[in-house]
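Asks: Feature list, courtesy of Swiss-Prot:
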- ARG107, ARG127, ILE128, TYR129: hexadecanoate binding site (BINDING)
- ARG107, ARG127, ILE128, TYR129: (9Z)-octadecenoate binding site (BINDING)
- CYS118-CYS125: disulfide bond (DISULFID)
- SER2: N-acetylserine (MOD_RES)
Amino acid sequence: MSNKFLGTWKLVSSENFDDYMKALGVGLATRKLGNLAKPTVIISKKGDIITIRTESTFKNTEISFKLGQEFEETTADNRKTKSIVTLQRGSLNQVQRWDGKETTIKRKLVNGKMVAECKMKGVVCTRIYEKV
């Protein structure tokens, strides 16, 4: 994994997030809170363990994993998923599976910013973060 991912990132723009949350099955009240949140994402690495901590006024979440190894995750909207993160062509690609459903979150670096592309049932959401 590129060390360029490591550090603290602040959300600066979000496109189609409400539709993405709807596709995930997130209820209206949680979607409203999610749309208001401007999360900070902290990515760190210790040995071969990567940690992604997301902090917002709505909720804090943290996942720690080894690339290519499945782990259990409880998402910010309380889904219990089996997740796996891989590194492909410089992108951190996360797949979450639960109840026969699947979503992907692809994080890549573009012009010094971290771009997270989230996909579910044909809905694509793009969230852009700047390094703090």
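Cβ coordinates come from backbone N, Cα and C, glycine included.
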Asks: Between SER2 (N-acetylserine) and ARG107 (hexadecanoate binding site), what is the CA-CA distance rounded to a whole number of Å?
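Replies: Cα of SER2 (N-acetylserine) to Cα of ARG107 (hexadecanoate binding site) measures 12 Å after rounding.
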Asks: Of ARG107, ARG127, ILE128, TYR129, which binding-site residues come within 10 Å of CYS118 (disulfide bond), going by C-alpha to C-alpha distance?
Replies: ARG107, ARG127
Asks: If you count, for each of the recorded positions CYS118, CYS125, ILE128, the other Cβ atoms lying within 10 Å of its Cβ, which residue has the minimum?
Replies: ILE128
